[in-house]
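Taken from TrEMBL, the feature domain 'Putative zinc-finger' covers 3-36. Positions annotated as transmembrane segment by TrEMBL: 83-104, 144-169.
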Amino acid sequence: MSCSSSEALFEGYLDNTLVPAQRARLIAHLNACGRCKGVLEELRAVDALLSSPRAIELPANFTFAVMADVRSASRPQVSAAPVFAYLMSYLIAAWLLIGAAFLLAADAVRAFGDAAFGLSAQVLRTLGAVGHAGLHIADDVGALGALLGTAVVVDLAIAFALVVGFTVVRPRLVERIRS
């Protein structure tokens, strides 16, 4: 019997669940192998320690001391910076892509100027004007217009969400947390 196959039988030997033939082969190996005999003795010691749990005595004021430490600890600071970092990264990347597209397509700049001028009169009335401008640009420049329209709509939606979040939702959350 090899050392690796005998080590696989140690648990069964200590639990007294081995078949007599396996037990006899393991005992014969243990009599011949000092290393395996030492490992088995260590396992017996560990089993003895685990089978007799010790009761740990806590100081009389343990709960009070722990709760005092918890109360005196500072609250963890929650930072909303990653959200704004992702938002700013998106906005910068979107407008850089749009700017690069305008540099590569002179007709797109003219179409954007026409659409922006036409859009400025209607933007306060409906958000649908942005879609109209996007369609107008899409007719002139194809995919670039769709990209621009999508970016403008997403930017307006994000700006609207931020305004609503800071003016409506945030004060209500603060009030709920304080009460």
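The backbone N, Cα and C atoms fix where each Cβ goes, glycine too.
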So, by DSSP, how many helix, strand and coil residues make up the domain 'Putative zinc-finger' (3-36)?
27 helix, 0 strand, 7 coil
In the same chain, which residue numbers or ranges, 6 or more beyond the ends of the domain 'Putative zinc-finger' (3-36), come under 8 angstroms Cβ to Cβ?
43-44, 47
